[in-house]
Ligand SMILES: *Cc1c(COP(=O)(O)O)cnc(C)c1O
C-alpha cells in the first residue's frame, strides 16, 4: 500500500482544546468545520465530546453528519441556513443557527413552525469585516424581531474578528468596541474570539470562545510560544533514490538544476494529496531524522527531496511533510498560503488516528 498518510494525534487535539479553553476562561465551542480542518470531523468530535461544551461547523449538512454519528453536544452552524429545508433539519436536529442576514431572519419569521422545540440562534453583527452580519444600526431591530419569533430560545450575540492574528491591530480594538456599543443593553451571552482572539486578545474574551485552527496546533501567531501541539503529521516514505550530476534538472519545467552531484529521494506525496504545488525549492522536509529540502516542482502524486544531508536515507525511509519537525505554518508560508488551506486540502491519504 502506498505509504502516504496523515497521522492524527487526538491527545494533542484534547491538549489544544484544554489550552484554548483555559486561556479563554469560559465556555468554548470547538470549531470542526470543513471536516475538522482536514482532520476528520467525526473522529475529532468523538475525541473532544467529553471535554468540549459544543462544536461549530459551517453548514447544516456537516452538523447532520455529526448528529447521525451520535454526537449529542450542541452544534452551532456558522453560515446559518440557506433555505427552508435547512431550517427544518436544524430544528429536527436541535442545531444552533447563526443568523447573519435579513433573508435568514425572514425565514425564521415565516418558515419556522416549531412543535415545542426551541431553536437557539446566534445573531451576528458586522463589526468591520464587511462579510456577514447585521449592521450596527439594524442590530437591535434584528434582535427584537428574533425575540418576537415563535419557538426561538436563547439568542447569543456574536461578531467575528478580521485581523486578530495581527498583534496590536487597531482594527481589532475598534471591532470589539463597536460590538460592545451595538450590543449594549441587549441581554444574552456574547461571543467574539476565534483562535487568535482567544490566544492573544484578552479584550475579546466573552461568554463563548470559538477557536478552530489552534485546536489543530497551527498557531495563528507562530511567533508567540503558545504551547500548542501539532495534531496532524503528514507523512510518507522515500520510494526511489537516484544520483544526478551537477547541471542536471529535476521534474516538470526543470525548475531545479543541481549545483553539484546530488542524491535525490522520490517521495510518495503530491498535490493530489494536498501538498501544495506552489511549494518552492528549499521548502523544509524532514527525512530520516534530518531536515532537508524540497527540490523540483511538486507533481500530482510525487515530489523530490535532496538527500545530500541524509546519506543513510534510502527506500523506505520515513518522510514528514509537516508535523512536529516541520511546522505546517512553515510550509504554508513558503507556499504563499496559510496553514488553514493546507490542512483542509489534505485528501486521498489515509487518516490514521492515535
Ligand atoms: C472558522 C470560524 C472560526 C474559527 O476560526 P479560527 O481562526 O480557525 O480559530 C470562528 N468563528 C467563525 C465565525 C468562523 O467562521
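Each Cβ is built from the backbone N, Cα and C atoms, and glycine gets one as well.
No curator has checked TrEMBL annotations; they are predicted automatically.
As recorded in TrEMBL:
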- 33: active site, proton acceptor (ACT_SITE)
- 252: active site, proton acceptor (ACT_SITE)
- 131, 300: substrate binding site (BINDING)
- 231-354: domain 'Alanine racemase C-terminal' (DOMAIN)
- 33: N6-(pyridoxal phosphate)lysine (MOD_RES)
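All features noted in TrEMBL, drawn onto the structure.
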residue: 33; record: active site, proton acceptor; Cβ within 10 Å: 20
residue: 131; record: substrate binding site; Cβ within 10 Å: 10
residue: 252; record: active site, proton acceptor; Cβ within 10 Å: 12
residue: 300; record: substrate binding site; Cβ within 10 Å: 11
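Here residue 33 (active site, proton acceptor) is positioned 26 angstrom away from residue 300 (substrate binding site), judged by their C-alpha atoms. Cα spacing between residue 33 (active site, proton acceptor) and residue 131 (substrate binding site): 18 Å, rounded to the nearest whole number. DSSP assigns residue 33 (active site, proton acceptor) to a helix.
When secondary structure is read from DSSP and collapsed to three states, residue 252 (active site, proton acceptor) falls in the helix class.
For the domain 'Alanine racemase C-terminal' (231-354), DSSP puts the residue distribution at 21 helix, 45 strand, 58 coil. The two recorded residues residue 252 (active site, proton acceptor) and residue 131 (substrate binding site) have their Cα atoms spaced 39 Å from each other.
Averaged over the domain 'Alanine racemase C-terminal' (231-354), the predicted model has a pLDDT of 97.
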